[in-house]
C-alpha cells in the first residue's frame, strides 16, 4: 500500500536526521574525567589549516575563526556556516611593496597567509582580518556571509607587518563618536627588524567605506610627529633580535593598554649568540592622543615563594565579582586584569611549564603610572625606555598638575617605568603550563578559566578570603583536545553558558559548568563549583536557575551544611522480624506536605506518615527480607531512602541494617557480634529471640557465660604410651536426657583420633586412657589441634586454640648430646646401655646412671667427636675464630669453657656462638712462639679423661699469608673498582679486612691465591698503600700499591645518535677511560633502563654499543628524541651516570615492508633484491649512517642504501633462503626468497646448440692462430713500455728524494743567513701602499700637499663630515648607485677612505660593519646565492674589508706568518733555479704549473762559478752554482743573489746595470752578453747565448762590473726598446703591477728584424718546430711527473705556511683580535638572518679572510717583502694560492682525468687542509667573544701606532674629487634622507663645496 504524502515527508525527514546525526558528533572531544554520562563537547575541526584567532559576536553568539589561509564563520554550536579563502598567495616576504602593487625582483612562491588579527566592527557590521601575506594587509568581510568588502593594499599605511607568528599582534578597535562614524584602530605588532617599513605601534583610521584612500592612514601625521612609534634602527643594529610581541590589548576608561613581551636589553648581551632574556611590559596610551605623547610602558610580572614569573602568556580584562571587589576594596564596576605568566625570562617561544595565574587591579596600575609621570615632571630621573635612543635623557621639571587623566606633553615622553608592577599570585601550575585565560562574575563570585599546554581547561574559583590561605581553588579540569596547547583566544559565549577553547586544529565548546556529573549533595557542594547547588527534592546537582522553586526555603542547598541529614530508629532489625515500625528524623528538608515514601533501595517501598516533624514507616516483611540477605553473612546494609511524591525522586538516604543471628555456629561469635543475638547452649544455636531457648539456664548473652576450654599446662604426649589427658574448662553443659556425652578429637594428620571424655564438672574434663601415634621418624615432636565435642557434633569453643604435642624420643636424636638437649618437658633420656634416646621405662636400666636425663644437673655425654673444622688454616698471630662441629660437645657452655686447644695453644670458646652438644666457636690465641706449623684440635668436656676427650680428624695449620700483586693496579678516584689481590694463604683465618689508602675495601670473596674487593673512594690521585688484616695478622707490602687516577671524563660521543633497538657502535672520547676495566653505557627511556658493555682501546677512546630503549610505553618520533637519561657506569664515578652535556638522540627503528603479501618472493639469479621501507636513514646530523647487513640465508649481500629502500646484490645462490636485515640491535626478517636456477633446455635445442658450437669453435681456432702472432709483437712492445715506465717511476722517486734533501740543505743555509740578516720585510707604509694602491709607486697620499689656507679649512671641515657615520654611509651608497662609478673607482675610494681614517680605526670599523651588514642584506634579498657574498670586489665594502685586514694583520705577518711565507718563496725560487728556465717563455724544468713546464729533455750541466766580491775585489771569491744552459742575464741574477745575500732587493744593483766578465787569467777578460756577434741564427731563429755557448768551464772565475757601452749594444738598444711593448702585451696577465713586471721575459725577442728569439725551446705556436722535434719531446705528458716531484720537494714549506695561517695560536703569537672580531660579526649576521647552513657561514669566513687577504699575500709576496718575483716563481705561487682557496671551499672537488693538473697535484692534500680550516674556524668560534672595550682599546692602539703614515689632507683631497664628480646626486641623497636633514648634512657639504669652488 503506498504511503500518503505526509507520511512520506516525515519518513524522509527521519532518514535525513539519521544520516546527519553521526556527522554532528563525529569530531567531538572527550568527556571529562570523573564525569557521568554527559554527552561529548561540540567541536569544529580544521584538518588542513592551523587555527589562530577566535572572536564571538556579542549579540548573535556566532563564532568567527581566523586560520592559516582561511576565515571561518560558525554557529554558536560550532556548525560551519561560511568559509572564506585568504591564501595561499604568490608572494615573497622580501617584496616591498607586494607583487600585486609593483613587480618584484625576488622569486615568488606559494606563501601561506597567517591570520594575525581578527576584530569585530559592530558599527560597520564587518569583520577586520589581518594576515601575514603581502606585507601584512587586512581584509574587511561582511559579518553575514564573509563577503569581502575591501582589501586596501596599495599604500604603505596598508602594510602592518609581514611577521608570520600568529600570536604576536594585538589591536583595539575604538568606535567613533555617535553620528561621526570614523573609528580608530590601535594596533601593535612585531616588525622582524624592518623598522623602516613598519611601526611597532600605531593608531589608524577606520573609514566607513572600505575602499576609502584614507583607510588605515595614521590618525595624525605631520612633518615631525605621527600616530606611530618605531623601533630605532640603532637599537636593531645593537640588538638584531630585538622586537616587541603584543600578547593582549584592551581599553579601560580613556586608555588603551597592551601587554607585551620584548627582549630585555639590559640582561641580553649584544654579542650573545644564544642566550636571550625577555621581559613583560604593560604599555598605556590615551585613546585621544594622536601624537603618542602619552606613551608609558612598565615592567609587569608577579612572584610567588621567591620564584619570578616574568613571561606573559595571556591576559583577560574582567569585572570583579561582588566578593572579590569587597576583598580588593574596589567598586564592582572597576576593572581587574587576570594574567598568566610563565616562570623566568628565557625561551619566549617555548617557555617553562611552571606558570602562574595573577591578578592586577587597573586602579593600582594607573596609580603606579601616575606616580612615575609625576616624578618625571618633577625632574627626577631619566626617561628610562631601554629600547629608545633617548632613554638616557633626563626628565624635565615642569609645574604641570598631573591627574589620573593626564595624556602627556611633547617633552618627557615616551616614558618607561623602572619598577616592576607586581600582581597578586592566585594559582601556580608547575606541571602543565598555563597558556590562556578568561574570567567572569557568576552571582557575585569570580570564576577564572585557564587553558593549558596539554589541551585542558582548568576551572578556578578566586576567593582571597579562603581560610587555608589559598587565594584561588582549581575545582575542575576538563579536556578540550588532549595533547594540543590551548591558544590565547579563550572566549565566553554571550549568555556565559559556554566557553570556546581553540587549539591549532580544533575549536571546542566547553560548558562553563558540568554540575550534573555530581551524584550526591556532598559531591556536588564539595566540588566547590560556584555554579552548582543541590536541588533537594529533584536530587540533582544543578545551577540555581535550573532548579524548580529554588527560592523556597531549603529546596536548593548551596552549602555543604545545607545538605539533607537523615536518621532512623531503630537502625537495624533481624531478618526474621516483619513490619517493624521505624521513625525517621530529617534536617534541611523543604516542606514535605505533598508526601513521602520510604524506599529500601529498589527492593521494597512503603507509605509513610508525617507526624510532629517526624516520618513514620515500617520495615519489609521477613519474606521480603529473605532474598535481600541470602548469602550475605550475618548482616546486609541497605540504603533507606525518602522518596518525594511531588517529584518521584529519592532525595535523602540513611544506612539501614538487616542482621541474621542464625549464621553464627559458636557461642562466642554469637554473643560478641554487633547485634542483639542470644546463644542457646543446650540447642547449640544463635537466635535474636531469647524465647527460642527452651531452658532458661541455657540462655547466654555474654561471652563469660559461653562453654569454653581454658588454657592450662601444655599437653605433652609420648607416642605409643597409654595415658589420660585432663583439660580445664568453663560452663560445660551437662548433657540432657537423650543427649550424648563428651569426646576429645585429636586432628592427627593421616590418623585422626576420637577418644571418649569424662566431664567431672562444669570446669573439668578428662580424655580417657589412650595411646597416640604419627607416621615417620623425621619429626621429633608434632603439635596437634584438639577439639572437645558433645552430643555428637556440638563443639565447645577453644578460643586459645589449645594443642596437644605428640613426640618421639629417638626421632632426630641419634647422639647422647642431641637427646639430652631436648626440651626437658619431653621425658626423653639417654639409655647408656642401648646407646639410644628413649623414655625411662623403655630403657632396661639397672642403675640410675644407666639412663641420663637433662634434669640431672651433672649429666654429660661420653665419646665427644669432632667432625669438621672451619677454617683449617690461620695466621700465627692468632685471633682466628675456629668453628668446631661435632657430637656430644658438652651440654652446657661450662662443660667446654677451658677445654679447647689447638696443639699447645689455648682456644677460648665464645659463649654467644656455642650450640649445645653440636658446635663450639673459639678464638685461637697467639701461636708465634710455637714452632710447629700444624696441630690437632682437642676438645675436653669438663676433663680430659679418655671418655670425654675428642681429637680432630684433620690438623689445623698455622700459615703466614702474603700478597705480591694487585690487579688492576689503577682505578678512578671515586672508587668502585673490583680489584684482585694476589698472594698465598689468603683464605687463612676466619675474618679478613682490606683497606686501600686507609679506607675499607668492600670484601667480596677469597681463596688461597686471591682476595676480591671493591675499592673505596680515594682522597687524592696517586698511589695508595694496601693493608690486609687476617684476624690479628696485618699484611703489608710496600712494593704493591694501588694507583688512584683522576676520574674518567667523557668529552664526546660519536655519532650522537642511535636507533630504538640500539646496538650501533659509538666511539666515546674522553680522558682516563682505561682506568675502568668494564665500563658500561646506560640509557633510560620511558621508565626502562638498559646497559651495554664497552671495549676500551686506550685512555682516550673506547667503543660502546648503544643500549636499546625499546619499550611498549613509548618510542622515539621520526625526528628523534633524547633519552630521559644517558650516561656511563664506570665503577663508582657518579658524575658520568647521567651526561647533561650530550645531545644524544634516539631515532625509531627502520620499518621494512614484507617481501610479498605471502612472505615468499621469487627471484631470478643475478636479479637485485629491493627491500622497501621507511626510517632507513635516520635524519641525524654529521656523516655517520646506519650500517646494514642483509643476509640471504647465512650469506651477506652487497648493499646500496637510500632513504626508502635497500638494494641488495643477491649472492649466487639457488633455492629457498630466509632474508634477515640487521642494523645495530635491530633484526627483522621481511620474508623468504626463492631463487630459481636457469631452466633446463630441451634435447633438440641442445643438439642445435652443439652443432652450432662446433662450427663456431673452428672459426675461433683460426682467429686465435692469427691473434697469437699479433699479440707476440704487442707483448714485446708492452714489455718495453713497461720497462720504460718502471724506470721512469724509479727516476721520479729518486729525483724527488734527492731534490728534497738538496733543497733542505740549501734552505738550511739560507735560514742561517737569515738569522744574521733577517727577513727583508717592507716597512708598514710601503706594505700598505702596495696592497691599497697596487702599481702606484708615488701616490699623493704619501706627499705633503701645499694648498691655500681656505682649502685646508674646507678639507678639515670635509674631514669632519667624513667622521659623521650617516654622511659617510650616504656618500658611499650614492656613489655605488651611479653607473659610471667603475670597479676601479670603488677600490680607489675604499683605499682612500681607509687612509683618511687611519687615525680613526674604531670609527672606520663601525662604518665597515654597517656596509657589510647592508651588503649581506642586499645579497640575501637578491637572487644571488648567499655563498657569493664577498666573493668578488664589486663594492666599496669588500675592498675596505681587504684594507682593514691589511692594516690590522701587519704585526701578525711580521711576527708569525711572514717567516713560512718567505721560506716558501725562497724554496720555490731555489728549486726552480736548480733546473733550466727558458728566458723567453718562462718555462722551467722544475715547476708546479703545467703551463710553465718544459716538456722535453734538456741536457745541462751544473757549474760552480767563483764570483769576485763586487764590493771588495780582495775579499775571497764567492762560489755560485749555475747551469751551463743559463743565459748571461740568468747567470748575472744568480751571481747577484749570492753576492748580495741578505740585502733587500731594492738596495742592490740590478742585472741590467751590470756586465758579466769571464776572467781567464790576469789580463784575459771577456764580457759575456745574451746577444752579440757570435749569436747563432738558424732559419730566422736566433738563440740566446748561454754559458755553454761561451764554453765557460766549471770553476771559472767571473766578476760583475758596471755596464760598458759598446757599439753592439748601442746599435741594438733601439730594437730592444721598440720590441719591448709588443712582447709584453702578449705575455702579461691580469695581476699586480709587480707581477706584470716579473712576467716580462728576461730577454725580449727582436720582432722587427724578422728573426725570432729562443733559448731552450722554440715557441709552441710555430708548426715547423712541433713536427721537427718530435723525437726529443716523446710524449710531452710524461714530463708532468716532474710536477709531482717538484710538489713533493716543496711539500713541507707549503704545509708550514698553511699550518701557521690556520692555527689559532702559533709560534708564540695569539690569534689577531681582528680575525675573531670579524668572524663573530659574520656569525651574528648569519644568526640575524636565520642562516643555519654551516656551509654558508664557512664560505662567508673563507671569502672574508683567506680569499680577500691571504691569497693576495701568497700570490704577491713582494707586497710584504723587499724581493723580486720572476715569472716561474709567480706561476708556482699561483698554484699554491689556488690550493689554498680550494682548501677553504666547502664544495666537493670531483676530479677526473680531464681536471687541471694543479687540482690533481694537491688532490690528496686538500681534504687534510680542509680539516685544518674547519678546525680553525671551530676553534675561533669557541674562543670567548671580544668585548667592545677590548676591541676599542686595540683599534685605538693601532690608530696611534700608524697615525702619521699617510697624509690625510691629500687623501681627503682625492676623496673630494668624487664629491665634485657626483655633487648633485650626493646633495639630493642627503636632502632625501630624514636623519641627514636632522643633522643638516646637506648644508654642511654645500659649505665645503662653495669654499672649494672659490679657491679654485
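Note: Cβ is positioned from N, Cα and C throughout, glycine not excepted.
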From the ranges 1210-1263, 1264-1317, 1318-1371, pick the one that Swiss-Prot records as coiled coil.
-> 1264-1317
Pick from 597, 701, 761, 785: which does Swiss-Prot describe as N-linked glycosylation site?
-> 701
Of 672, 1098, 1140, the residue that Swiss-Prot annotates as N-linked glycosylation site is 672
Overall pLDDT for the domain 'IPT/TIG 2' (961-1045), taken as the rounded mean = 94
List nothing but the one residue from 672, 1043, 1212 whose Cβ has the fewest other Cβ atoms within 10 Å; the candidates are the glycosylation sites.
-> 1212
On a count of neighbouring CB atoms within 10 A, which of the glycosylation sites 77, 660, 701, 1187 is highest?
-> 660
Could you give me the DSSP helix, strand and coil counts for the domain 'IPT/TIG 1' (864-959)?
-> 9 helix, 53 strand, 34 coil
Compared by Cα position, which of the glycosylation sites 77, 660, 701, 1043, 1212 is the closest one to residue 1187 (N-linked glycosylation site)?
-> 1212
Once the DSSP letters are reduced so that anything not helix or strand counts as coil, what is residue 1043 (N-linked glycosylation site)?
-> strand
What kind of secondary structure is residue 1187 (N-linked glycosylation site) part of, going by DSSP in three states?
-> coil
Hey, how far is residue 701 (N-linked glycosylation site) from residue 1212 (N-linked glycosylation site), Cα to Cα, in Å?
-> 97
Would you kindly give the Cα-Cα distance separating residue 77 (N-linked glycosylation site) and residue 1043 (N-linked glycosylation site), rounded to the nearest Å?
-> 77
Pop the Cα-Cα gap between residue 1212 (N-linked glycosylation site) and residue 672 (N-linked glycosylation site) into the table, whole Å please.
-> 89
